[in-house]
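Report on the structure given below.
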Amino acid sequence: MPFAKDEEKIVLRWPKQNNEDQTFTISEAIESIGFGRFQWRCLSVIGFILSVRTMQIAMLSLLGPLLICEWGISNIQAGLIVGLAYVGDIIGFPYLGWFCDHYGRKLGVIVAILCTSYFSSLSSLSSDITMMLLLRLVCGVSESGMLQCITILSELVPATARARSIVSLRGFTFIGIAFEGIIAYICLKIFDWRMLLVESPRYLLLHGFRKEAKDIIINIAKMNRKPAPEGNLITIVEV
């Protein structure tokens, strides 16, 4: 794809019946065509991309307190999980911006989405905080390329609707944050991820983990919509 620094150098020919030599710029063509279904479709697709990116950031803020309990990390380390994502944005903006200018904005956004999906999946398999921080930094670099879709939108809408279109994208980010909160509530409250595969309560009780064993019994009763047994859980060695 050729790289043009000046839009005025890009001249298209739009043949008409009366004047086949009439020329116009891209901006003039967009202004003449106006805002319609094509722009609405672009706004929806780009809004969805940005909402997914926002969910990535919102997920990190919800993940921090869980990792403090799960891995015993400090509050500073939990904050770095979110902070390094923004550091990655700062690192990635100039490089991915250059890539999109030379090889196409659409290609840059697609590459950014694929890389973000890949490294986000790897971060879910992190075994310690060092691996998590490194992968979140790389995710931040790739996520910065997803913001190039805003440039695509700004170049496809008329000037009269450009400001409203870009501002309306903020609504999609709020939708992403709200949707992420709903997912977190379902996964962490209603369907606790630990309930996917639990330890044997008998094993826990025999090894002194009385509270953990009782919590599993209570969760089983809650999921089965039955009352949990009252009283203290005791150990009886069966022979």
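Numbers here mean position along the shown chain, with the first residue as 1.
For all residues, glycine too, the Cβ spot is worked out from N, Cα and C.
TrEMBL entries are annotated by machine, without manual review.
Quick caveat, the model's predicted, so the values are computed rather than measured.
Listed in TrEMBL:
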- 42-239: domain 'Major facilitator superfamily (MFS) profile' (DOMAIN)
- 45-68: transmembrane segment (TRANSMEM)
- 80-100: transmembrane segment (TRANSMEM)
- 107-127: transmembrane segment (TRANSMEM)
- 169-191: transmembrane segment (TRANSMEM)
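Cβ atoms under 8 Å from those of the transmembrane segment (45-68) belong to residues 74-75, 78-79, 81-82, 85, 109, 113, 116, 120, 129, 132, 136, 139, 143, 146-147, 149-150, 152-153, 168-169, 171-173, 175-177, 179-181, 184, 188 of the same chain, restricted to positions at least 6 beyond its ends.
Across the domain 'Major facilitator superfamily (MFS) profile' (42-239), the prediction's mean pLDDT works out to 83.
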